[in-house]
Amino acid sequence: MAMITKSTELLKAQENGLPVVALESTIITHGMPFPQNLETARMVEDDIRAAGAVPATMAVIDGTLHAGLEPDQLEALAQARDVDKVSRADMAVCMSLGRTGATTVAATMIAARLAGISVFATGGIGGVHRGAEDTFDISADLAELGQTAVTVVAAGAKAILDVPKTLEVLETYGVPVIAYGQPDMPAFWSRHSDLPAPLSMSSAQDIAKAHRMRAALGLPGGQLVANPVPEEDEIPAAQINPIIAQALAEATEQGITAKQVTPFLLQRIFELTEGRSLVTNIALVRNNARLAAEIAHHLV
Ligand code: PSU
């Protein structure tokens, strides 16, 4: 049973020892509306190619786990309805039932490990949801970072979350959280938060070195690189925070739970900012892809 099917581009890249960056697909199916999701997915892949690396977008298609999608597969996935949101818990079931599923950060890390890829770029990881003391809603992304050796480049945890609690859980799991080029944690749509980052580094080479050092020490788990959104694209915290608060209040009122919470909040914030949150989201993913490509260069 072939566990994972690699794209032609990925097979060739690995044969030739080129740097590779993994990409997720939940952001395409559940994180952004069509057609911006497809345009973004293509742009992000092209950003990685322009930086001299090779992209590999992960997804389960009709039961097969793919590392790297062919252009027609990417296009079909971006428009498909009824796609599962697949994390560690449901990946095997989705595959064994022959279903189609988009991979979250957790599932993409698993796929990257299987495909021999060490670096992965996304928008923002999942984390501890606000009110988790009652709901226990904590993304499986955090436990995955604690056990799978992939360096994940994100603009921090999504600002809809309880970021201080997210940092606490990552600390418990032994995950290095490294802010890139600044001392404080970025806050997804905003460059800055009032939270100091546990660690800070200013070069892709140092991040790659730390990745290797963890492996040499025999430590399981990955690293989270928190890369601030470019200044010209950010929505300052003072502007986005009241909107996040409104979206969260509506989610509670409407009884939105579990896997629906994140997609609901992203969609509501998109509506309340009249599309500006999406422009920022696209810019930060592209920015993360470029940094991930740079790190990947230092890991081949
Ligand atoms: N980054 C984005 N948009 C997204 C995500 C990341 O810019 O939609 C997805 C990732 O797949 C991540 C998921 O794993 O959101 C988190 O979902 P949850 O909070 O349900 O674990």
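For all residues, glycine too, the Cβ spot is worked out from N, Cα and C.
Per TrEMBL, these features apply:
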ACT_SITE  E24  active site, proton donor
BINDING   K85, V105, S139, A140, D141  substrate binding site
BINDING   D137  Mn(2+) binding site
ACT_SITE  K158  active site, nucleophile
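Shown on the structure are the features that TrEMBL records.
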{"residue": "E24", "record": "active site, proton donor", "CB count, 10 Å": "28"}
{"residue": "K85", "record": "substrate binding site", "CB count, 10 Å": "21"}
{"residue": "V105", "record": "substrate binding site", "CB count, 10 Å": "28"}
{"residue": "D137", "record": "Mn(2+) binding site", "CB count, 10 Å": "19"}
{"residue": "S139", "record": "substrate binding site", "CB count, 10 Å": "26"}
{"residue": "A140", "record": "substrate binding site", "CB count, 10 Å": "16"}
{"residue": "D141", "record": "substrate binding site", "CB count, 10 Å": "27"}
{"residue": "K158", "record": "active site, nucleophile", "CB count, 10 Å": "26"}
CB-centroid shell, 8 A cutoff, substrate site K85, V105, S139, A140, D141, site residues removed: T26, S87, R88, T104, A106, A107, I125, G126, E144
Considering only the binding-site residues K85, D137, D141, which possess a Cβ situated under 6 angstroms from at least one atom of ligand 1? D141
Please name which of the recorded positions listed here, E24, D137, K158, is nearest in space to K85 (substrate binding site), Cα against Cα. E24
Just how spread out is the substrate site if you go by the largest Cα to Cα distance in Å among K85, V105, S139, A140, D141? 13
V105 (substrate binding site) versus recorded positions E24, D137, K158 - nearest by Cα: E24
When DSSP is mapped onto helix/strand/coil, what comes out for K85 (substrate binding site)? strand
